[in-house]
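Copied over from TrEMBL, here are the features:
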- 178-327: domain 'Peptidase S54 rhomboid' (DOMAIN)
- 132-151: transmembrane segment (TRANSMEM)
- 182-203: transmembrane segment (TRANSMEM)
- 215-235: transmembrane segment (TRANSMEM)
- 247-266: transmembrane segment (TRANSMEM)
- 273-295: transmembrane segment (TRANSMEM)
- 307-326: transmembrane segment (TRANSMEM)
- 338-359: transmembrane segment (TRANSMEM)
Amino acid sequence: MDRSSLLQLIQEQLDPENTGFIGVETFASLVHSHELPLDPAKLDMLVALAQGNDEGQVCYQELVDLISSKRSSSFKRAIANGQRALPRDVLLDETGLGFYKRFVRYVAYEILPCEMDRRWYFYQHRTCPPPVFMAAVTLTQIIVFLCYGARLNKWVLQTYHPEYMKSPLVYHPGHRARAWRFLTYMFMHVGLEQLGFNALLQLMIGVPLEMVHGILRISFLYLAGVLAGSLTVSITDMRAPLVGGSGGVYALCSAHLANVVMNWAGMRCPYKLLRMVLALVCMSSEVGRAVWLRFSPPLPASGPQPSFMAHLAGAIVGISMGLTILRSYEESLRDQCGWWVVLLSYGTFLLFAVFWNIFAYDLLGAQIPPPP
């Protein structure tokens, strides 16, 4: 029986008068008597949704949305207010799962703070589209690093090589008119250690986030952190160039960590306190290393070394914009008032930064080092 026939049968037998409401117990009996192909998990969710109704009924449209793998606004509100509890055991107790489904369950417990959200994600997850954005960015960064490393025969502190800084991808204050550099600098890295740190975090945190929240939200968050990083450097560290994807990486990491803190009681990822402490220590160490290379470089260089301000700008983007993006699983961003406030603030910053780059350097008489 296809989906349209199933819905027609339900309406004819359970709501012949077109009242718009269906008794859940009667519907469950219909499912079992006709052996209808409805996922038991969806039936559990339907029963859980109806628990808040005094008459034990559910709106017909809610049922249509559930069978069609959609989530209506009232279903989301039911999840948010915590008044509906699934009658089955938690998702973590399921046995007999294959490797990929166990990984999906792991992602659900890593990212989502609500058991209903985790169950919904687990049963509705599809492999298409795959989380290709973070994988593609990381692969491109590795390829670019290997190409320059092989060409220059230098794998550590590459920015000390003049030819490396001549790359058309590097952001340099003397090349501000080449607007693509405000984004493409994310493909270049100081050395093997920075690339390894960024690639590891992008894959460990970015891929699960992309699996849950989708490519559009996570790519937007990552690129917003990258762009904010370069624009912040152009305002606060006007002589410094910039390389590395740390702006985007710190946007993802800070958004995820802030989401864990905001939903601490609901998160079920193991050793969450220890892992958060380790993440903060690693991120702080990376920032400290970037500050040291900027102001106390170990080797003489032809000009100022890359700035560290992109790390801080990315973290701010993650805490503000990222937390809004990750707060509500599957909730439309355009329906969130906080999202529009954050987006307006970010747009205002972009506009200010553009005017700053056009006029401020000349007005302030900034001494820009000659571009390589």
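Numbers here mean position along the shown chain, with the first residue as 1.
Glycine is no exception: its Cβ is also placed from the backbone N, Cα and C atoms.
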Checklist entry - Across the domain 'Peptidase S54 rhomboid' (178-327), what does the pLDDT come to on average, as a whole number? => result 92
Checklist entry - With DSSP helix as H/G/I and strand as E/B, how many residues of the domain 'Peptidase S54 rhomboid' (178-327) fall in helix, strand and coil? => result 111 helix, 1 strand, 38 coil
